[in-house]
Each structure stands twice: as C-alpha cells, then as structure tokens.
C-alpha cells in the first residue's frame, strides 16, 4: 500500500469552515425616480442598482427600466384605476429621468364595466404625434338605456356599432395627430378623449363608460436630452435635474365640455 498524504483532506483546508457571507446590498446604490412635469407628484419612488464596477456602469443598467405607477400616486388623487408606464431615459446624478411609455386600465375596473344586456364596442388605431412618437390607442365604450326606455336590454345594431367605432377612431386620430406627446399625456390624465367620444356618439346610440383603455408605445424618435429636460421642467442648458417635487395640475374635471362637432 502506497504511503502518502490524503489529498482530499488537505485540499479543502479546515473541514466545515463557513464561507464568508457578503451582504449583496453593500454593493448597491439607491436612485430617485422622477416623473415628468405633467404629473403633480414628481418623486415617485426609489430604485436599487449595483454600483459602477469596471466597465459595468450603474447608469447603463438603469436606462430602459419601466416603472408602472398608479395615476392616484402621480396626481395625489382618489381615482386609481389608470396605470401609467414610465421608462428611464437618462440618469443625472442620483435621479432617473423618466418619460411616458404607455397607459393601461386596472383589471378590476375593466371587469366591473363588462355587464349583461348591453353592447361592448372596441376600437384601436395607430397614430403618430407631432414630435414623432408612434402610439397605438385602444378605446372601449358601452351602450346604455335611453331616458324613457322600458326594455331591459340596450343592444346596438351592427350598423350603429360600426358608426360608433368609426367615430372613435376619428376622434382618437384627431386628438393625437395634432398634438405632441406632452399634450397627449395631458389629455390622457383626465381622459378627455373618452368624454369627447361619448358626446360625439350620443346621436348614434347613448354610451357610458367610454375610456381610452390602453396606450402602447410602438416607435420613438431618436433620444434628445434637451427635450427630456423640457419634459422635466428644466431648460436644455441646465445640467442638474433635481426639479420641483410637484408638477402642473391638469384641470379638466367631470364638468369638462368637449368642443362642438361641426358634423356628426
């Protein structure tokens, strides 16, 4: 029998020695997430990212992050069924500057509107804003009983549904095509587009619960820091993006009157 050292015993050092535990959070930094100036509450939260190490830069890891925030948190409001997606486009110091990336209705709101004895009408359209953002807007509306109606059901005829859908697409296209992204978001916050559609379709068939239920961002123009700074209420010459904690409030309450239609 060959006499020698047992390599397996000596190799591992002290048997049962515990590995040194390193706290992963010691290598990470907190960054503030800033919403654009269209919203009342600018500081929407904090995010965690691994500190810059060698070629791996922390700010590159943050760019492209999408945050989904309830409109109630952004506007300090009670109405909480709209969710806005904000994407990080640039990092200035410890601030992540975000831009609009999409909108959605909450699942419970959508389910609460779908009922029996009424017609659900949906439409979608792809539109480009004046500053080059391509958006896909989805709209939903429901028929309602007329004032003196006795019958339980309020179903629209197929021809009426087509007319309403056409009107929905026309209004959505007009409202987005003639405005830039900032103005479109200002219309989505109180959902004035939905109110416009409801008023315009009144002569075809009375509608209720008309909402732009979803907005998708399909294409963006080339990133410009100056434009992002303007969205955050700062001039392009400014270097830091601290900004105020509050933005400008969009005043369009329930009593909002849409413009009068020339032709229906």
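Backbone N, Cα and C define each Cβ position, glycine as well.
Predicted, not measured: the structure shown is a model, and the values here were computed from it.
The compositional bias 'Basic and acidic residues' feature in Swiss-Prot is assigned to 242-255.
In the three-state DSSP reading, residue 34 (SUMO2 cross-link) counts as strand. Among the features that Swiss-Prot reports, SUMO2 cross-link is placed at 34 (among others).
If you look up Swiss-Prot, you'll see 249 (among others) marked as SUMO2 cross-link.
The feature N6-acetyllysine is assigned by Swiss-Prot to 34 (among others).
Swiss-Prot lists 56 (among others) with the feature N6-acetyllysine. Taking Cβ-Cβ distances under 8 Å and a sequence separation of 6 or more, the neighbours of residue 56 (N6-acetyllysine) in its chain are 50.
Taken from Swiss-Prot, the feature ADP-ribosyltyrosine covers 155. Classification of residue 155 (ADP-ribosyltyrosine) by DSSP places it in coil, neither helical nor stranded. Cβ contacts within 10 Å of residue 155 (ADP-ribosyltyrosine), excluding its own Cβ and spanning all protein chains shown: 13.
Per Swiss-Prot, phosphoserine is recorded for 236 (among others), and the stated evidence type is similarity to another entry.
Residues or ranges marked as phosphoserine in Swiss-Prot: 237 (among others).
The N6-acetyllysine annotation in Swiss-Prot covers 249 (among others).
Taken from Swiss-Prot, the feature phosphotyrosine covers 256, and the record attributes it to similarity to another entry.
Feature annotation from Swiss-Prot assigns phosphoserine to 263 (among others).
Sequence annotations record features per position, and here Swiss-Prot assigns region 'Disordered' to 232-264.
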Cα separation, residue 155 (ADP-ribosyltyrosine) to residue 34 (SUMO2 cross-link) (Å, whole number): 46
